[in-house]
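Lifted from TrEMBL, the feature list:
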type     : residues               : note
ACT_SITE : TYR152                 : active site, proton donor
ACT_SITE : LYS223                 : active site, proton acceptor
BINDING  : ARG205, ASN460, ASN504 : (S)-malate binding site
BINDING  : GLU295, ASP296, ASP319 : divalent metal cation binding site
DOMAIN   : 129-310                : domain 'Malic enzyme N-terminal'
DOMAIN   : 320-573                : domain 'Malic enzyme NAD-binding'
Amino acid sequence: PERNVNVSVDSAVRDVNAPVAVEVDRSVGEKPFAVVGGGVEDMYGEDTATEDQYITPWSVSVASGYSLLRDPHHNKGLAFTEKERDAHFLRGLLPPVVVNHDLQVKKMMHNIRQYQVPLQRYQAMMDLQQRNERLFYKLLIENVEELLPIVYTPTVGEACQKYGSIFENSQGLFISLKDKGRILEILKNWPHKKIQVIVVTDGERILGLGDLGCQGMGIPVGKLALYTALGGVRPSACLPITIDVGTNNEKLLNDEFYIGLKQKRAAGQEYAELMNEFMSAVKQNYGEKVLIQFEDFANHNAFDLLEKYRTTHLVFNDDIQGTASVVLGGLISALKLVGGSLADQKFLFLGAGEAGTGIAELIALEISKQTNIPLEESRKKVWLVDSKGLIVKSRLDSLQHFKKPWAHDHEPVNEFLDAIKTIKPTVLIGSSGTGQTFTKEVVETMSSLNEKPIILALSNPTSQSECTAEQAYTWSEGRAIFASGSPFKPVEYNGKLYVSGQANNAYIFPGFGLGLIISGAIRVHDDMLLAASEALAEQVTQEHFDKGLIFPPFTSIRKISAHIAAKVAAKAYELGLASRLPQPENLVAYAESCMYSPKYRIYR
């Protein structure tokens, strides 16, 4: 039979001699695979975990033999059985040994651990993703605590810095200023049509590393790998996109290996028109319910885009809203260690950008919800310090619009340490993007003011963290309740082992996105973020508190994501924003049943 051809499944002209077989994956019910002419393709869509409904296409694209081994969605490598090798023209294209999925995982982990340089481990994981998708996700799911810092922060930061040098194969869509007027056409070039989540960046503020232009693509790719591994969203439903409007990074502009537009960054009307065309094209091509996650946009654009499109699209900014939700979840947990309510605390931020103001607003919303006081009043419990000092009313005229709600009545304070001594906060939160700003004096002052100071050093990657776990525990004499944005190893102090938590957005956004998908939500509401925070805090047990943790371990992240998804979906139904009706009786069980499994399919 012919190979690599399009064959009509339900047609009088089908080759009557071509074998047709059905694959049944009993773990998820009957999901037939058409095997035509020795090739294999899922008749009902690559994976139906989060599909709206079963779809039977009129024709399928058939891969077999050598092409099947080069198809990451269906390739199983040495796990192809003897029967599969005969049926799909693989005999002789593989060594004779047949290994199972678990042994493949063991071998890959052994190989990855041989690399001493984190970037080499990152490249090995990306190579695997483009070679054998299901093995990649099984590896990541089963070794999440070890591999999360490799596929995402902090290693992804270095990968973005060197993306031009290590770039081999495209893993997403690149849309540049040169494509104005053709964005819808470009979206149609993507091979998968049933997209549920888009993560998009313009590369202007990558982690704490600044403008990396087109090389910011590592961020959407990494985030969407976590959407699948941690939140169970199908890989084929995920689309990473980079909007290239140039870069102001001179080093990149002079780099012969830079992969983006070599021009200064566009702004103003030119930028707005491109983004508007993009947002319209996404909605036109993928519908009302596709989630668009904005990632690592600079402050001025991040707030404007979220404000502009939140009423017309299903949009979410992880830097503003995701960070806020995960930090609020950690604070709710931390209160069980220090006592009192959220309204009893006084918060001081170092950093008043997307993350800082986003977290501050969600804290104020939660206090307002708990105490029934107006939001304007609850905001007065939160103070922010930016590069010019404490944000106060006398600075109002010179402040950016997103900082103005945090300008309180107080005399100007220029130095951060003086602000701590004046405000006397119980919670110190760093979102400055500047490393080592929580000095010994800062931590000691917090410790003199509080029996158990809550100190969150959130900036990424590790080099930009406001302080290390060892510094926080040592300078506070073991009294600090500490969490960071990037991971730190456990610290031994005075004979006691302290395990710090990681306030990683990966706790929130995968489950949050899954909740929006399973409910068919059409808009994101702040109450959904509060629900996600509360769901996260509920997953922290006494055993975790005994170790000093205010976040649960990542080993149970899929269970955590299912609970967050259920709470977010429930809120969507409550607010009348859900379109998938009727509402399932048990949302946790429903969320778990919708999650993608990396288990190999049997082809016959």
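Backbone N, Cα and C atoms are what each Cβ position is placed from, and that goes for glycine too.
Just so you know, TrEMBL annotations are computer predictions that nobody has curated.
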Query = GLU295, ASP296, ASP319: which of these binding-site residues has the sparsest Cβ neighbourhood within 10 Å?
reply = ASP319
Ask   = What residue among the recorded positions ARG205, LYS223 has the most other CB atoms lying within 10 A of its CB?
value = LYS223
Remark   = Running the recorded positions TYR152, GLU295, ASN504 through a 10 angstrom C-alpha radius around LYS223 (active site, proton acceptor) leaves TYR152, GLU295
Ask   = Among ARG205, ASN460, ASN504, listed as contacts of (S)-malate, what is the widest Cα spread in Å, to the nearest whole number?
value = 18
Ask   = For the domain 'Malic enzyme N-terminal' (129-310), what's the model's average pLDDT?
value = 96
Inquiry  = Can you give me the same-chain residues 6 or more apart in sequence from ASN504 ((S)-malate binding site) with a CB-CB distance under 8 Å?
reply    = LEU148, THR153, VAL326, GLY485, PRO487, PHE551, PHE554
Inquiry  = Between the residue listed as 'active site, proton donor' and ASN460 ((S)-malate binding site), how many Å separate their Cα atoms?
reply    = 11
Key: Neighbouring C-beta atoms (10 Å sphere around the C-beta of ASN460 ((S)-malate binding site))   = 24
Task = Identify all same-chain residues not among GLU295, ASP296, ASP319 whose C-beta atom falls within 8 angstroms of the centroid of the divalent metal cation site's C-beta atoms; report them in sequence order.
result = THR201, ARG205, ILE206, ILE219, PHE294, PHE297, ALA302, ASN317, ASP318, GLU354
